[in-house]
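Visitor: Marked as transmembrane segment by TrEMBL: 21-52, 58-77, 84-105, 125-147, 159-184, 220-249, 261-283, 289-311, 323-345, 365-383. The region 'Disordered' annotation in TrEMBL covers 459-499.
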Amino acid sequence: MRAEGYVTMLDPFQELFGGRMGGLLFIPALCGEVFWSAAILAALGATVGVIIDIDTNTSIIASACIALFYTLFGGLYSVAYTDVIQLFCIFIGLWLCIPFCMINESVGTLTYPTNDWVGSLEPKYIGQYIDFGLLLILGGIPWQVYFQRVLSCKTAFKAQLLSYVAAFGCIIMAIPAMIMGAVAKATRWNETAFTGPLPLDKEHTSLVLPMVLQYLTPGFVSFVGLGAVSAAVMSSSDSSILSAASMFARNVYKLIFRQNVIWVMRVAILFVGAMATAMALTVKSIYGLWYLSSDLVFVILFPQLVCVVYIKHHCNTYGSLGAYIIGLLLRGLGGEDIIGLPAVIRYPFYNEEDGQLFPFRTLAMLTSLASILSISSLTRWLFESGTVPARFDVFHCVVNIPEDIMKVQEPHEGEMTVLNAGGLVKSYQTEMNGRVNPALNLHPEEDVEGFQVKPSAAIGADPLSPFGGGPLSTTAAQPPPPPLGDRGDALSSEDTTKL
């Protein structure tokens with residue numbers, strides 16, 4: 001996707017399926033970002049509430065306002081620079097707390113099996129664990145919050161490198177929290193100042209990280225740990241809010257080259273932040289919000305992303321829309337306790353106490369993937385064979401394709417090749433379906449047909465950097481003006497040759 005020059009995750013969807021279908025696919029992407037932001041804001045609220053004993057709702061609202069403020073005025077630059085600082089705060093802050101936790105007198109041995117922090121899994125829950133595992137892994141791919149970083153890289157190689165480094169970084173950053181979980185399991189909580197129920201109930205087991213910081217470390221260390229958790233939340237919430245707003249500004253609000261798109265994006269940032277804050281105040285289950293954020297993304301967006309990236313020649317808008325509806329129905333009819341949605345379809349192994357034990361989310365995802373391919377193949381055969389007249393191709397994606405939207409590979413109107421000091425540069429006046437990313441800068445071995453895309457530095461045209469000049473500027477480079485003669489008129493080709 002970096003090599004193709006896309007700017008947002010929805011660009012390939014709109015290129016293949018059209019603008020309206022791309023706008024429809026924005027809905028599950030938006031829901032994912034909102035639930036994700038709500039989950040981490042709720043986590044911060046719970047942490048602050050335990051450590052400094054203030055109202056959870058107050059801390060959620062304050063955190064959301066801070067993240068909204070610098071995201072609103074700084075765009076991707078402020079998010080990127082603050083994230084670097086926040087990553088160091090997370091890593092140093094949590095590791096600083098580890099020794100104090102482990103040497104506390106109330107903590108027993110951490111070795112297994114003396115301290116059974118691994119737990120056990122009953123056979124009847126295997127399907128449910130597989131379902132959630134695939135949801136959290138594969139459902140974590142189609143996220144604009146990830147693609148906005150990858151697609152802002154200078155080259156496709158750097159985008160790949162960033163992804164692999166981030167994968168190892170995630171593992172390293174998770175180690176302190178895992179150690180604290182093992183410490184919490186080995187702690188004799190009746191020997192601490194903790195006054196809650198013993199053994200810990202579900203409400204308190206989700207708060208073990210702030211509880212470890214509060215009851216097993218000195219006061220100054222717990223505040224350092226609180227700062228680390230706060231940095232982690234800010235690092236994620238600002239990126240998530242910005243990614244949802246940028247998708248709306250670029251892929252839903254179509255007038256991308258107008259100056260007021262920046263104000264549209266600012267309004268979208270406020271709207272997404274407000275929705276995430278309201279969700280964090282309403283739903284108290286942090287883990288529930290965590291997996292709910294990937295739910296629709298996994299069922300609807302993941303199969304469509306696989307198709308548009310790897311098998312785009314075998315799918316069309318009819319297949320995309322059909323798969324969207326089928327996947328949404330199968331997932332919605334399976335029910336969801338967190339939002340009070342009853343289970344209409346009772347899949348195998350269902351019971352009233354545990355709910356759905358069958359991996360129905362994975363089933364809905366696979367059905368959605370199969371629907372894209374089957375419906376696309378069926379509609380292509382119906383139209384191309386003449387069984388259905390071409391005039392009924394209402395999406396104009398099989399046979400009834402207007403000439404003015406047909407894609408061509410060679411430079412055409414609105415696209416010209418100019419000679420620059422560094423070699424040939426392809427300069428775009430217009431975009432087609434949001435395809436061209438002027439920030440693309442390929443290495444010579446990565447160049448396509450010897451061309452490179454010329455970056456633009458226009459002010460205020462970049463939805464990901466509201467004050468312009470950012471790496472993701474979407475304003476197209478304008479062709480150079482013709483040289484002028486002594487009378488101020490454009491030189492002829494003969495005069496140009498003489499020059």
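Any Cβ shown, glycine's included, is placed from N, Cα and C.
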Visitor: Between the transmembrane segment (289-311) and the transmembrane segment (125-147), are there at least three Cβ pairs closer than 8 Å, leaving out pairs fewer than 6 positions apart?
Guide: yes
Visitor: Would you say the transmembrane segment (159-184) and the transmembrane segment (58-77) are touching, if the rule is that at least three C-beta pairs must lie under 8 angstroms and be 6 or more residues apart?
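Guide: Answer no, regions not in contact.
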Visitor: Can you tell me which recorded stretch out of 125-147, 159-184, 261-283 has the most Cβ pairs within less than 8 Å of the transmembrane segment (84-105)?
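Guide: Looking only at 125-147, 159-184, 261-283, the most contacts with the transmembrane segment (84-105) come from 159-184.
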Visitor: At an 8 Å Cβ cut-off, counting only pairs 6 or more apart in sequence, do the transmembrane segment (261-283) and the transmembrane segment (125-147) clear the bar of 3 or more pairs?
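Guide: The transmembrane segment (125-147) and the transmembrane segment (261-283): touching, no.
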Visitor: Can you find at least 3 Cβ pairs under 8 Å between the transmembrane segment (125-147) and the transmembrane segment (159-184), where each pair is 6 or more residues apart in sequence?
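Guide: Touching, no - the transmembrane segment (125-147) and the transmembrane segment (159-184) miss the threshold of 3 or more Cβ pairs under 8 Å.
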Visitor: Sequence-remote contacts (6 or more beyond its ends) of the transmembrane segment (159-184), Cβ cut-off under 8 Å?
Guide: 2, 87, 90-91, 94-95, 97-98, 101-102, 107, 110, 115, 117, 149-151, 153, 208-209, 211-213, 216
Visitor: Do any residues of this chain, six or more beyond the ends of the transmembrane segment (220-249), have a C-beta under 8 angstroms from a C-beta of it, and if so which?
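Guide: Here the qualifying positions are 8-10, 26, 29-30, 33-34, 36-37, 40-41, 43-44, 47-48, 51-52, 63-64, 66-68, 70-71, 75-76, 78-79, 82-83, 85-87, 89-90, 92-94, 96-97, 100, 143-145, 147-149, 209-210, 213-214, 256, 261-262, 264-266, 268-269, 271-273, 276, 463-464.
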